[in-house]
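*Asks:* Below is the structure I would like to discuss, written out as structure tokens.
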Amino acid sequence: MAENNFPPLPRFIPLKPCFYQDFNEIPDQHRTMCKRLYYLWILNSATLAVNLIGCLAWMCGGGGATNFGMAILWLILFTPCSYVCWFRPIYKAFKSDSSFNFMAFFFVFMAQVVISIIQTVGIPGWGVCGWLATITFFSTNIGSAVVMLIPTIMFTAVAVLSFIALTKVHNFYRGSGGSMSKAQEEWTSGAWKNPHVQQAAQQAAMGAAQGAMQGQQYSAAPTYNYDDPM
């Protein structure tokens with residue numbers, strides 16, 4: 001079994017990586033989408049970090065410490081939770097063509113989209129520099145509001161990209177014949193947690209794709225029949 005390599009922690013930290021991540025084990029036809037979702041997770045995490053700075057400016061401008069404290073919780077909790085709860089399921093889904101993991105991704109990522117929209121709105125007291133909080137604070141402190149505007153724009157980008165990603169993955173899943181009943185069958189049989197079954201499904205999918213490509217390659221080649229003269 002491969003050694004865990006994510007997150008890549010410095011050697012002086014007395015902790016070891018918790019997950020194994022290698023995009024080369026994702027089938028070619030899914031690798032680009034999987035990487036884009038990973039970059040979306042990075043953008044979401046970076047947005048939460050920038051939001052912490054925005055809430056610090058908010059507090060320094062007279063906005064109170066509640067938002068800054070909530071921003072710390074957003075960053076500490078949602079950065080690892082979003083990776084574990086929606087990126088890992090879609091990573092496994094693309095890797096082994098698992099309907100159960102696709103359903104887990106859809107369930108959590110829909111909540112992620114809703115949260116991103118709430119963050120974009122920016123309700124005061126929630127620890128996020130959204131549009132409502134930023135625009136109203138311009139009348140109090142323009143300098144702080146300008147700093148708050150940066151995470152506001154980033155939250156908007158995350159919300160839009162998350163909705164687009166959810167739509168694309170859903171269209172792909174339904175187009176490939178996936179359904180809730182298939183996910184229930186995997187849950188009942190326990191195939192979703194069996195690495196041997198997952199590996200076999202992955203190999204079968206890759207073999208089918210290679211066979212289709214070879215069939216297209218040789219379908220145009222002429223065939224000759226020879227009669228035995230003996």
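Each Cβ is built from the backbone N, Cα and C atoms, and glycine gets one as well.
Note that this is a predicted model, so its numbers are computed, not measured.
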*Asks:* Are Trp126 and Lys168, as annotated in Swiss-Prot, on matching sides of the membrane?
*Replies:* no
*Asks:* I'd like to know the mean pLDDT over the topological domain 'Extracellular' (58-64).
*Replies:* 91
*Asks:* Grab the same-chain neighbours of the transmembrane segment (65-85) for me: Cβ-Cβ under 8 Å, and only residues 6 or more beyond its ends, written as numbers and ranges.
*Replies:* 41, 44-45, 48-49, 51-52, 54-56, 58-59, 108, 112, 115, 124-128, 133
*Asks:* So how many of the residues in the topological domain 'Extracellular' (58-64) end up helix, strand or coil by DSSP?
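*Replies:* So the topological domain 'Extracellular' (58-64) is made up of 6 helix, 0 strand, 1 coil.
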